[in-house]
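This report refers to the structure that appears directly beneath it.
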Amino acid sequence: MAFSSSWRPVAAALLVALCCFCGIGLPAAAGRIDEGLEVTWGDGRGSVSPDGETLTLSLDHTSGSGFRSRDTYLFARADMQIKLVPNNSAGTVTTFYFISEGPWDVHDEVDLEFLGNVSGQPYTLHTNVFANGNGGKEQQFHLWFDPTTDFHTYSIEWTNNHIMVLVDGTPIREFKNHADRGVPYPSSQRMRLYGSLWDAEDWATQGGRVKTDWSQAPFVAQYRNFTAASSSSPAAGGYGQEMDATAQQAMKWARDNYMVYDYCADGKRFPQGVPPECSMP
């Protein structure tokens, strides 16, 4: 969906207000990116620039690559600038996510996956939340800009009250803690941040109908300006605040115009009724 000219002044005003609300903009780099992140797989396909500013992941027919944070967190705000794979990125998945490191059947996870597409077609930002091994809470979005021509900031805010996903400071998703009403919520397991670039041609693009064009390899995604702050850190800025009316309006705009899938609206998937949190305020 195009970002129409009539919306640009409204969106600009919302973004300015949101940056004040969230205490963010484009986060300043705190030293070298590999002070907070380490490449963990890819056999040389993941690397850090000599100046320490940019971490690059690449994917070819043999392997993808990935990294993880050096620290673990129990409630945190993480921001990362990412420039996604350009041109024909069909079949590729670029990720940025929190995940716990205990047994898989009770794991927690907050997922951001960027699903590639053929040239000229939009990326899909796939989001999901797992708690105690329970997931299936997918929401998907297109973006109001080309995410391959420049870096954009993607954020996960994880508190004891909610999980919020933001794009360039605009909230696009909020998952509230309704554990007291029987809805699993990640609140007891520390999680580590991970990022990766990998091949998922069997499902990533148009349900797997469009395969990876390996003649375009290597595929490359870049990450920079990583910051992560716990709720007790002054660097977290506005971390953990409730959304005010301006933030709620911005999220409504993003969801009304760019959300392309919501598990809470999928009656075919849930013929006996959508999950209970879908009707909780």
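Placement of Cβ uses the backbone N, Cα and C atoms for every residue, glycine included.
Taken straight from TrEMBL:
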- 1-30: signal peptide (SIGNAL)
- GLU109: active site, nucleophile (ACT_SITE)
- GLU113: active site, proton donor (ACT_SITE)
- ASN117: N-linked glycosylation site (CARBOHYD)
Spacing of the two Cα atoms, GLU109 (active site, nucleophile) and ASN117 (N-linked glycosylation site), in whole angstrom, works out to 25
Counting across all protein chains, other CB atoms within 10 angstroms of the CB of GLU109 (active site, nucleophile) number 18
Taking all protein chains shown into account, the Cβ-based neighbour count within 10 Å for GLU113 (active site, proton donor) is 20
Sequence-ordered list of residues in the chain of ASN117 (N-linked glycosylation site) that lie 6 or more positions away and have a Cβ within less than 8 Å of its Cβ, or none, is SER89, ALA90, TYR123, THR124, THR205, GLN206, VAL210
